[in-house]
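**Q** One structure is given below, represented as structure tokens, and several questions about it will come after.
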């Protein structure tokens, strides 16, 4: 009986391959199936670690949402900068018509190489996104934002006209079409979203994101970004303290949280993260206000240590590598070995 089943399965597989092409269906244990997910760094060491794979996954949809001025666009511009450092191509679909090239340049984005589109309608924005994805030549596409993807019927209609559920239908239709193309081209597509309040909610959070429920389902990673405080030097505000929660993660364990500093005109402070994580892992010793590395004092107060690491990039790079090895690479090797065991079990 088992032999007959095996023959029937082989016949079905060969028929599928003849009809739909080679690779239409395959065993997960086949070496041709990629088990490793490529990632693009977020520019934040803590967030890369919280995401579990060292960044945002390629070939997937990511949603970043939060209140106004919480750092959503800054985070995506940092992702573009990291992508360009790796020699990749990035596109920014500016539906809000609010992209500031000089600010992007300060964050390390090569603005001359960045593809930018300012579409007139939501349909146009999503069609451009689909065409860029299908080209398989773009590594990252950012859509800023879902709330600004206004359907054509709404733009061409009168001010007071009712268009119930039009944007949600548009998003649902577009994502059905986009998902397969994104996987095939291995492009990272990031949707920035805004928060709205649901009326009449008695229990639970009244917060919701715009554009219906489709994006919640199709996104492999959802990040909730919030501003939790200000960074001050006397009376002057230098930046904001930011918290990011990984609300959904299909590629690693979810619900991890991280905090980092966003400095105005500079972006995410890599040095501040190195200090915080270095102290946590005892790579940097903290005694009172003094910080030491390899028995040598490197500064009094966090701000002085940050300046020291900025002036000594080789020390910062050395510390970052130690932190990545300790918190990320060890976890990834454990995950890889456990997945190898799983695939071996499937093959058996």
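Including glycine, each Cβ sits where the backbone N, Cα and C put it.
It should be emphasised that the depicted structure is a prediction, and the values quoted were computed from it without experimental measurement.
So Swiss-Prot lists the following for this protein:
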- 66, 67, 68, 69, 70, 71, 72, 73: ATP binding site (BINDING)
**Q** I'd like the Cβ neighbour count for residue 71 (ATP binding site), meaning other Cβ atoms within 10 Å of its Cβ, all protein chains included.
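**A** Here the count is 23.
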**Q** Using a 10 Å cut-off on CB atoms, tell me which of the binding-site residues 69, 70, 73 is the least crowded.
**A** 69
**Q** Pick the one among the binding-site residues 66, 67 whose Cβ has the fewest other Cβ atoms within 10 Å in this structure.
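**A** Across 66, 67, these binding-site residues, the one with fewest Cβ atoms within 10 Å is 67.
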**Q** What kind of secondary structure is residue 73 (ATP binding site) part of, going by DSSP in three states?
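**A** Assignment for residue 73 (ATP binding site) reads helix.
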**Q** Using the Cβ center of 66, 67, 68, 69, 70, 71, 72, 73 as the ATP site position, which other residues in that chain lie within 8 Å, going by their Cβ?
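**A** Going along the sequence, the neighbours come out as 225, 227.
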**Q** Which site among 68, 72 has the most other CB atoms no more than 10 Å from its CB, taking these as binding-site residues?
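**A** Per the Cβ count, the most surrounded site is 72.
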